[in-house]
Amino acid sequence: MGASDPEVAPWARGGAAGMAGAGAGAGARGGAAAGVEARARDPPPAHRAHPRHPRPAAQPSARRMDGGSGGLGSGDNAPTTEALFVALGAGVTALSHPLLYVKLLIQVGHEPMPPTLGTNVLGRKVLYLPSFFTYAKYIVQVDGKIGLFRGLSPRLMSNALSTVTRGSMKKVFPPDEIEQVSNKDDMKTSLKKVVKETSYEMMMQCVSRMLAHPLHVISMRCMVQFVGREAKYSGVLSSIGKIFKEEGLLGFFVGLIPHLLGDVVFLWGCNLLAHFINAYLVDDSVSDTPGGLGNDQNPGSQFSQALAIRSYTKFVMGIAVSMLTYPFLLVGDLMAVNNCGLQAGLPPYSPVFKSWIHCWKYLSVQGQLFRGSSLLFRRVSSGSCFALE
């Protein structure tokens, strides 16, 4: 995957984007009934409880607890919490960087090692390209272990900027309080909630993507210098100067449109699919205790099984939709390095593309729209062509 996070691996991406997908929590029917009864008499609704499913004691909402900030932290601890998020994100980014590095080199078509003959599950002879581990060993042989972390600095800065941007936006534009609904009878209300949540998440993702994309471009170009052994982009500040001098301001945003489209399609596809599956296929009345005895003895456990299923639904939908939107990621990364003076962005590795649509059509004709999506079992396709060193 080239990068995204704002680049993240599919499983991480699915978890982040699916926040709204299963936001429809359980128990809407009982809650709605209690609300109607409470409006007709005293005491207020907050003090009424469903006869079968007692309502827990009222807790302050997330917005009230953090003073309406809606950010990563709450109160005086917000800066510390946000710094912790940035630090954790930096650790994950550093650990996953070799994976992203190898993936990007495969995306641009750099195959320094010849394929090997193997057999598939049907026993047929096929040609396999080197796996991620073999490719990583090759990089270590050429550049040493430190070579696996080429381009890490701008990527760390990109992800940190994205995290801080999202946290700041939550403080400036705090999300509305979320009421959990999931019953089929409340489908219209639930769908409106999912649409509202997804729109909010889309706004944050698009803004953070646009602000962090220049650093993403620099990181991509630093990594693909491995192909031609160049040293054109050696630091963040010097890279900014080179890009601005050679390509102008637009040079920092090449490949942005396909990345934005991929993010938008992913968010809406993942959240809506998860919502409809959870609303129509997940039964809130299923108890996780035999015979349903747990409903009265432990009311809080009634919906634990349904909530667990919903969490798995979000995860699975995130992986499935991320696979479908992978071509947007590939095209965005290829455009970021295309015709920038590096060998990886010029023939024979890649033609000079006029636009990202031109790049998409070219990859589609070549059957390469999913190039780099698999890092373990990589078969040589009929339309593939790779360079040998």
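Each residue, glycine too, has its Cβ placed from N, Cα and C.
Residues or ranges marked as region 'Disordered' in Swiss-Prot: 1-76.
Sequence annotations record features per position, and here Swiss-Prot assigns topological domain 'Mitochondrial intermembrane' to 1-93 (among others).
Residues annotated as compositional bias 'Gly residues' in Swiss-Prot: 15-33.
Marked as omega-N-methylarginine by Swiss-Prot: R29.
Taken from Swiss-Prot, the feature topological domain 'Cytoplasmic' covers 105-155 (among others).
The topological domain 'Mitochondrial intermembrane' annotation in Swiss-Prot covers 177-209 (among others) and rests on a curator's inference.
Residues or ranges marked as repeat 'Solcar 2' by Swiss-Prot: 192-280. Helix first, then strand, then coil: DSSP counts for the repeat 'Solcar 2' (192-280) stand at 79 helix, 0 strand, 10 coil.
Among residues of the same chain six or more beyond the topological domain 'Cytoplasmic' (230-254), those with a C-beta under 8 A of the stretch's C-beta atoms are 153-154, 157, 210, 213-215, 217-218, 221-222, 335-336, 338, 340-343. Summarising the annotation, Swiss-Prot assigns topological domain 'Cytoplasmic' to 230-254 (among others).
The topological domain 'Mitochondrial intermembrane' feature in Swiss-Prot is assigned to 280-322 (among others).
Swiss-Prot lists 343-371 (among others) with the feature topological domain 'Cytoplasmic', giving a curator's inference as the kind of evidence.
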Problem - Within the predicted model, mean pLDDT of the topological domain 'Cytoplasmic' (343-371) - result: 93
